[in-house]
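Feature annotations, courtesy of TrEMBL:
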| type | residues | note |
| --- | --- | --- |
| REGION | 79-199 | region 'Disordered' |
| COMPBIAS | 137-149 | compositional bias 'Acidic residues' |
| COMPBIAS | 179-199 | compositional bias 'Basic and acidic residues' |
| DOMAIN | 199-295 | domain 'CRM' |
| DOMAIN | 402-499 | domain 'CRM' |
| COILED | 570-604 | coiled coil |
| DOMAIN | 615-716 | domain 'CRM' |
| COILED | 736-763 | coiled coil |
Amino acid sequence: MALQPIPLNCSSSTPCSYSSLHFLKFRVSCSNQTSQLDTPQRVKVANKTKNSSHRPSFLHQIQDKWSLKLGSQREKFPWQEQKHEVEQQQQIEEEKEEKKREQFQNQKKPSASNFQFPKRVSPWAQAINPSSALLDSESDDSEDEEDNEDVKGKALQHNSIGSVREERKGMASEVSSNEAERVNGERKKRRSNTELAERTIPEHELRRLRKIALRMMERFDVGVKGITQELVASVHQKWRDAEVVKFKFGIPLSAHMKKAHQILESKIGGIVIWRSGSSIVLYRGMAYKLPCIENYKKVNLAKENAVDHSLHVGNGSDGQASVNETVGTAESVIQESAEYLKDMSEEELMEMCDLNHLLDELGPRFKDWTGRQPLPVDADLLPAVVPGYKTPFRLLPYRIRPCLTNKEMTNFRRLARTTAPHFALGRNRELQGLARAMVKLWETSAIAKIAIKRGVPNTCNDRMAEELRKLTGGTLLSRNKEYIVFYRGNDFLPPVVTNTLNERQKLTLLQQDEEDKARQIASSITVSNSKAAQVPLIAGTLTETRAATTNWGHQPSKQEIENMIRDSAMNKLSALVKHHEKKLALAKSKFRKAEKALAKVQRDLDPADIPSDLETLTNEERFLFRKIGLSMKPYLLLGRRDVYAGTIENMHLHWKYRELVKLIVKGRNSAQVKHISISLEAESGGVLVSVDKDTRGHHTIIVYRGKNYFSPRVVRPKNLLTRRQALARSVELQRREALKHHISDLEERIGLLKSELEDMKNGKEIEDSKTLYPALENPVSSDDDLEELNIFFP
């Protein structure tokens, strides 16, 4: 019951026995009602001081908490909550009884067809959350019943770790749903990277194994080669003495530790119980079969097979056994790559099986492969030299291109990216066995993909590709440090076609030999009665042609020969004129393009005007400044960029410490240097002192900063071109100037050729020294002219 508040200024009619004492006032809050009480203050007693530090009083510790007014967090009264809990327990017990009745009825009528072992979770499945409390609605009896049921199924779960892995996803979903039902204020824990170990191994056992692993000093280093068969064998040898094995991973698996985790469990077996950074600890498992147990089982199995064989002799059981063996091998292959094959369709699975059979025919597999299925063929185990090997016969079909187009090349490269490698190679030379296997593979596949082994020293993909190209005659699609891809080529012939062509060629050769023999026999039988000619035979020779021309041919006169020479010369000149006109038209079009490009570059150029109020210098000052400027050592060099923003910036930087600036211009004539000096004076705001030419042909420009000079706020002007734009302008100016000279030369040549052609038409004789036509026979003429004239005068 809440106390009624007592006012501070109230007066009591009854006398108080403790009126002489002082009072302290406390403010108490309970169920949203306040009360104020007067309590007698205790008499302070002097205590002995202690050496320990002074602890705060209980009042100071709880004063901040009592100063807040907190509301009640209860939604129901305690007696209502107890009643609700009792009702919930009764409902849960009724549901469990109903489930037991249904299970009992189902067990009375079992069927062999649909009977399956129930999936049960081990009693330590909640080891990942040891701190989370159970629900209030669960009773102790139900927990004991569930534990008993889980213990019954414990033997089934530990017989095969694979079955536990299949239930991994379902168990993860249950845990996630349980975590979702947590209280809102509780923080969600991070998912463990050894979830399988925490579900299958008891907590105390897992803790013991991890302590053993932390004390281990010996570890296996996994390098570039990855998890090889030698490493697997050494791990199993180690498991005979120790329960756990520690691994230290290097590049490249250290960057993909989740993948390394999966490869370890799939290749070696066991369970990963600890993973941190690039280190992994692998536990052999509670159901690990030691070699002695395996040998004992093999002996017993051999005895049973011998008994079964003696009982079933003559019943055709051998063929059935062989079929079962093949089916078993196929199932084992599928189980090993279940994660990769689970999303494949039936057609893709059939293709994968066919490819596996083909690769088995080509050679032994590379078992240390860590990539996708199927396992590639180990090319290093194929024969280095094949006796009698020759490059396969090739014949390009009619109207087929000998090489691939760009689109076809792109399509084949895209196909190669998604294709698993067929071979794994680690040597550079002696690849005839691999070449023969590639030719056999090309009968069913258009491309052959070769993976280069990691960790093998002195591998060179360039040498490998060149050697294989010589041996097979294929087309190289792509090559890098990981893979080499070859296309069989458009001229590749299958062995059936090659054998047919070889047979036809042999038949043709035999037929030719028979015909030659028949001719020899006929010539030996035939006897010629004709007499041998005493005069040499001239039929079909040059002598006969000359004699016929002399006797019956038309002999042209001198005038006709001169006219023919004149006509041929005029034709050649007219052809040369047309050729120069075409070149002139092309040069003019290029000149117009150059002008457009120059205008585009100079569109940001806004040169400043020459100021009207220039500072004047007297003759004495100009002479003195010129003498000082020429003797200055620091200078600025103007190159091909001419005047741009950086030039003006450098001038202002010089003027910070000296009054004059010296600029040297190379490779310019006087007019260009004058234009540059005027632009420098206008853009910088200084005064031009002099422009001098030295003995080397260079021009020196000296600019005075002025008497009233002050450094501008923006040292680099915005109205001029940048360094890059100035270089582009220089290139375009050079191109335009070259085209201008070229156009003028072509116009001059065309004019001269036309005048010669007109003179020849009018019948005037032209001196050889004044024409371009004799340049063909002039050895001093330039190579360019000869190349131009050789087009029309072959």
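Please read every residue number as a count from 1 along the shown chain.
Yeah, the Cβs are placed from backbone N, Cα and C, and that goes for glycine too.
Predicted automatically and left uncurated, TrEMBL annotations should be read as such.
Quantities reported herein were computed from a predicted structural model and do not represent experimental measurements.
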Quickly jot the same-chain residues contacting the coiled coil (736-763) by Cβ under 8 Å, restricted to those at least six beyond its ends, or write none.
566, 569-570, 573-574, 576-577, 580-581, 583-584, 587-588, 590-591, 594-595, 598, 771-773
Calculate the per-residue pLDDT averaged over the coiled coil (736-763) and state the result as an integer.
92
Please list the DSSP helix, strand and coil residue counts for the domain 'CRM' (615-716).
38 helix, 22 strand, 42 coil
Residue distribution over DSSP helix, strand and coil in the domain 'CRM' (199-295):
45 helix, 20 strand, 32 coil
Residues of the domain 'CRM' (402-499) by DSSP state, where helix covers H, G and I:
39 helix, 20 strand, 39 coil
